[in-house]
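Remarks on the structure that follows.
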Amino acid sequence: MSDMRLIVAGAGGRMGRALIRAITETPGAVVAGALEAPTSALLGQDAGTLAGLPPSGVKLSADLWALSAEADGIVDFTVPEATIANVAIAAQRGMVHVIGTTGLTASDDAVISSVTSRATVVKSGNMSLGVNLLAALVKRVARSLDDGFDIEIVEMHHKAKIDAPSGTALLLGEAAAAGRGVALAEHSIRGRDGVTGARKAGDIGFASLRGGTVTGDHTVIFAGPYERIELTHKAEDRMIFAHGALKAALWARDQGPGLYSMADVLGLSDI
């Protein structure tokens, strides 16, 4: 099979540059395009050079339609508005769309779901192997423990992150809720402040910390009577997300239309 030709959306950002490096060093994939916002000062620059690699000949562009003429997929770690704009073009072109963008709303998710009858989409709040294994563990632990164990999720990221809770924290919250057989939306508690009253049994709490250059720390706490279980993942480099996203793209190339998660990619969906 020929190399998978991938477009990197948000190519000038930190994740975009990590993706360019990951694709360049992985057999079976090539950078076919580098997408940036129309207002970016980086348009026209070489994608390889921006990623700290030798020049690749691929220039940053704001025209996804033109970039996608001969591409097989797009890997998208941008912002919700950009991702939703990319969804229709990716579906129309028949490209695999790997979405790692966080901060998506319910209406954004509905737009993404609307194309999956004809498009192959992999969407996850976190693309790393470790976090997705953690989510599987969280689901199993939540299934095993009753409401006597309170669930709290604590996450910390660098000071430039613009959304909270993180997509990973929400992924872990969904895993905990699934383990308990409930809907996260009905039990999620965020941003406690002031006199909140006693904690209700069954709540799933979130606390978000921001500061420094932290790539991503997540801890799921199961606090019971006189004992506490803590499950933690610490990301030390964005390359774990880049390699996970690339693995998802290569896997999705052989799948039919549908909406998939990293649990599907890693064979964890039945855990």
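Backbone N, Cα and C define each Cβ position, glycine as well.
Per Swiss-Prot, NAD(+) binding site is recorded for GLY10, ALA11, GLY12, GLY13, ARG14, MET15, GLU36, GLY100, THR101, THR102, SER124, GLY125, ASN126, MET127. The active site, proton donor/acceptor feature in Swiss-Prot is assigned to HIS157; the stated evidence is sequence analysis. Feature annotation from Swiss-Prot assigns (S)-2,3,4,5-tetrahydrodipicolinate binding site to HIS158, GLY167, THR168. The annotation active site, proton donor is assigned in Swiss-Prot to LYS161 on the grounds of sequence analysis.
Structure with Swiss-Prot features highlighted.
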| residue | record | Cβ neighbours (10 Å) |
| --- | --- | --- |
| GLY10 | NAD(+) binding site | 24 |
| GLY12 | NAD(+) binding site | 21 |
| ARG14 | NAD(+) binding site | 13 |
| GLU36 | NAD(+) binding site | 26 |
| THR101 | NAD(+) binding site | 24 |
| SER124 | NAD(+) binding site | 26 |
| ASN126 | NAD(+) binding site | 27 |
| HIS157 | active site, proton donor/acceptor | 25 |
| LYS161 | active site, proton donor | 17 |
| THR168 | (S)-2,3,4,5-tetrahydrodipicolinate binding site | 27 |
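Across the structure, HIS158 ((S)-2,3,4,5-tetrahydrodipicolinate binding site) and ARG14 (NAD(+) binding site) are spaced 12 Å apart at their Cα atoms.
Secondary structure at the residue listed as 'active site, proton donor/acceptor', as computed by DSSP, is strand.
Comparing C-alpha positions, GLY12 (NAD(+) binding site) sits nearest to LYS161 among the recorded positions HIS157, LYS161, GLY167. Long-range neighbours of GLY167 ((S)-2,3,4,5-tetrahydrodipicolinate binding site) (same chain, six or more residues apart, CB within less than 8 Å of its CB): GLY100, THR101, THR102, GLY103, SER124, GLY125, ASN126. Here the Cα atom of THR168 ((S)-2,3,4,5-tetrahydrodipicolinate binding site) is found 18 Å from that of ARG14 (NAD(+) binding site).
If you compare every pair of Cα atoms in GLY10, ALA11, GLY12, GLY13, ARG14, MET15, GLU36, GLY100, THR101, THR102, SER124, GLY125, ASN126, MET127, the residues listed for NAD(+), the longest distance is 22 angstrom. Among the binding-site residues GLY10, ARG14, GLU36, the residue whose Cα lies closest in space to that of HIS157 (active site, proton donor/acceptor) is ARG14.
ARG14 (NAD(+) binding site) and LYS161 (active site, proton donor) have their C-alpha atoms 12 Å apart, to the nearest angstrom.
Surrounding the centroid of the Cβ atoms of HIS158, GLY167, THR168, where the record places (S)-2,3,4,5-tetrahydrodipicolinate, the chain contributes additional residues within 8 Å, namely THR102, GLY125, ASN126, GLU155, HIS157, LYS161, SER166, ALA169, GLY216. A gap of 15 Å separates the Cα atoms of GLY10 (NAD(+) binding site) and LYS161 (active site, proton donor).
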